[in-house]
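Straight from TrEMBL, the features:
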| type | residues | note |
| --- | --- | --- |
| DISULFID | CYS60-CYS124 | disulfide bond |
| DISULFID | CYS73-CYS134 | disulfide bond |
| DISULFID | CYS104-CYS114 | disulfide bond |
| DISULFID | CYS240-CYS250 | disulfide bond |
| DISULFID | CYS368-CYS378 | disulfide bond |
| DISULFID | CYS484-CYS494 | disulfide bond |
| DOMAIN | 34-135 | domain 'SRCR' |
| DOMAIN | 164-275 | domain 'SRCR' |
| DOMAIN | 299-398 | domain 'SRCR' |
| DOMAIN | 408-517 | domain 'SRCR' |
| REGION | 724-743 | region 'Disordered' |
| SIGNAL | 1-23 | signal peptide |
Amino acid sequence: MVRPVAIQCLFFTLLCMLALCNAQSDSGTPAIQLRLVGEKRKHYEGRVEVFYNGEWGTVCDDDFSIYAAQVVCRELGFVGAESWLPSAKYGKGDGRIWLDNVHCTGGEKSLAQCESNGFGVSDCKHSEDVGVVCNQKRIPGFKFIRNQANSEEGLTVQVEDVRIRATYSHRKRIPITEGFLEVKDGGKWRQICNEEWTEMNSRVICGMYGFPGEKRFNTRPYKLLSNRRKKNYWGFSVNCTGNEANLSDCKLGGEVELKGNNTCGQGMPVVISCVPGRAFAPSVSVGFRKAYRVEQPLVRLRGGAMIGEGRVEVLKNGEWGTVCDDNWNIRAATVVCRELGFGSAKEALTGARLGQGIGPVHMNEVECSGFEKSLTECHFNRDSLGCSHEEDAAVRCNVPAMGFHNRLRLSGGRNPYEGRVEVLAEKNGSLVWGAVCSESWGTMEAMVVCRQLGLGFASHAFQETWYWEGDSSSNSVVMSGVRCSGTELTLDQCLHHGKHIDCPKGGGRFSAGVSCTQTAPDLVLSAEVVEQTTYLEDRPMYALQCAAEENCLSSSADKADSSSYRRLLRFSSRIHNNGQSDFRPRAAHHSWIWHECHRHYHSMEVFTHYDLLSLNGTKVAEGHKASFCLEDTHCDEGIQKRYECANFGSQGITVGCWDTYRHDIDCQWIDITDVKPGDYIFQVVINPNYEVAESDYTNNIMKCRSRYDGQRIWTYNCRTGGTMSSETEEPFPGLLTNQLSHR
């Protein structure tokens, strides 16, 4: 009996020793601190840097994995990692390379617990510094352990959340522009002592909340209020330079001794007061605002679905052009956002992520300090050699929380991106959900709905929604006669009937519906090709029978003798899809119309309008082109053709491809037989009825100057809409006063 007892004792001794070893290895894990730095395009990404032994250093990319990225991001308080990037993609660090050959399982609490060569043991160069992209969501209730000397240079502010808490008198204001600043750490909201607070810190907070700048405020009421409240201060001060896009990029200041209400000495909790941009300002002075002529902006955003996002375009010598993404970072993006009346940048986008522009590339290798009033004041390389539109830079800006999405919902769809449109309206003194009348409901209205809900672009507008089982209590129509221009932020900003609803078909199955998508096509007509290919042809009526059947001649041709001639203004049009998704006709295959004469299907009733206008914008002759065949004629290098009309094939235009209608095919003309000699404006419009949603409609219109002497025609100064400054475009009245209004 002695031996088994001895073995048992030995076994327990070993177990105890093992447990002790484990405890020691856990507690013996070196205390480290992490941060994300470098040439960033989002605040939740960057080069991984480790603070160890009183010194910041980097991590080598050898053997690094997504599991190691997960550990890094969770240690920084994010829910996880999206990806990781090798080879110093965020720029080279300096100093020590602390970790090399890092192996993590993904379950470690700290990067220091992962297997590696050991701290400071590395055969790497800084060209191998690793970076990560974290998921921007924070871990709820996360408590940041700041186990290093906080006075150390370079420790960034890490908190779970930040908010501006308005006082009761300001709470109903939208947007909230003023209130006490609170940070959430370890699941608890805390105030910050204002003794070391600066205007630069306020500027960063305002930027995060969608406001371009901070302003002074009356401290007296806040002081009285804070004296009556129990305070719960955060234990640190904050040091921002003012050009950070987010508080998490600011440095952590000194530690504050927490002693109840005496923590802040002579100070009080920080109060933030911000200036909203023009689009979000409370609309008190509308009458005055109209009295001032708005200056021509030098920078604009194009091609974005949401307000505050888009491809960056700058005006130079009267012509709009794009910005090359070389060195494009969040600091430059923030200058753009603030200049346009938004807050700081959420993201600096590269690689034409929000579609390709047209025209010149005006700026390259942009470098901003962050305090410039305009992107045009930043340093940049004037030679954008080798930069194509595939490298167009874009931004996503922080915009104020307006609560727009709470006043609208989609009901009954198969996914969150589609459904019957229901709005919150006042009825008999209370708020109720109701349907929208589908009469005259179209793409423009659907675009506004998708934007208001933050769901991107519209892919379809529906006038019947019987197949979507919505909430029957919301069947009654509460909004009718809706007409949108497409620029509105909410559906109720569009024109619509007042209290007297007029909807003959009623709601229910005839309610308005939408489906939304994150990407959209963008068709652009080549003005150059039109200008180079214009000519006149006199063609006998007997050779125009098909064209007459398809209404491609002017009305006087109906009575013309078969031996007479028609004078045709002929030209080629080349239409490129610059967007992010294919251009597809809205009508399904089964509803396309077969035209026996030309032996092809029409997939869109009207695809383009061709017009000759007098100099004051009056139409003197017109042509129209049914989409007799949408197909990929040519594609950019490396892009496969997907659409062709032969054999009842799929119709459309692939991203990066163009559809060319040659000058010598039927209906590719304007019948000018009855036009007198003189000076005119020649206009071409693609997708004129907005039948298919696009990310940018301004470039669907092209205008040229034309001089006709009765025998010859000259076409010159052809320009695509939106490519020149408004001053330059004023001689073309149609671009400003004769915008397409027919639907």
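Placed from the backbone N, Cα and C atoms, the Cβ positions cover glycine too.
Where the annotation comes from TrEMBL, it is an automatic prediction and has not been curated.
Locations of recorded TrEMBL features on the structure.
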{"residue": "CYS60", "record": "disulfide bond", "CB count, 10 Å": "23"}
{"residue": "CYS73", "record": "disulfide bond", "CB count, 10 Å": "25"}
{"residue": "CYS104", "record": "disulfide bond", "CB count, 10 Å": "22"}
{"residue": "CYS114", "record": "disulfide bond", "CB count, 10 Å": "21"}
{"residue": "CYS124", "record": "disulfide bond", "CB count, 10 Å": "18"}
{"residue": "CYS134", "record": "disulfide bond", "CB count, 10 Å": "26"}
{"residue": "CYS240", "record": "disulfide bond", "CB count, 10 Å": "23"}
{"residue": "CYS368", "record": "disulfide bond", "CB count, 10 Å": "20"}
{"residue": "CYS378", "record": "disulfide bond", "CB count, 10 Å": "17"}
{"residue": "CYS484", "record": "disulfide bond", "CB count, 10 Å": "21"}
Stretch-level contact, the domain 'SRCR' (34-135) and the domain 'SRCR' (408-517), CB cutoff 8 A, at least 3 pairs
no
Any idea what the Cα distance is from CYS378 (disulfide bond) over to CYS240 (disulfide bond), rounded to a whole Å?
21
Average the pLDDT scores across the domain 'SRCR' (408-517) and report the rounded value.
90
For the C-alpha pair, I'd like the distance in angstrom between CYS240 (disulfide bond) and CYS368 (disulfide bond), rounded off.
17
Helix, strand, coil residue numbers for the domain 'SRCR' (408-517) per DSSP?
19 helix, 40 strand, 51 coil
The number of other Cβ atoms within 10 Å of the Cβ of CYS494 (disulfide bond), counted over all protein chains shown, is 19
In sequence order, what residues of the same chain, 6+ apart, have a Cβ less than 8 Å from the Cβ of CYS250 (disulfide bond)?
THR156, VAL157, ASN201, VAL204, VAL238, ASN239, CYS240, THR241, GLU244
Please identify, among the disulfide-bonded residues CYS73, CYS104, CYS134, CYS368, CYS484, the one with the smallest Cα-Cα distance to CYS124 (disulfide bond).
CYS104
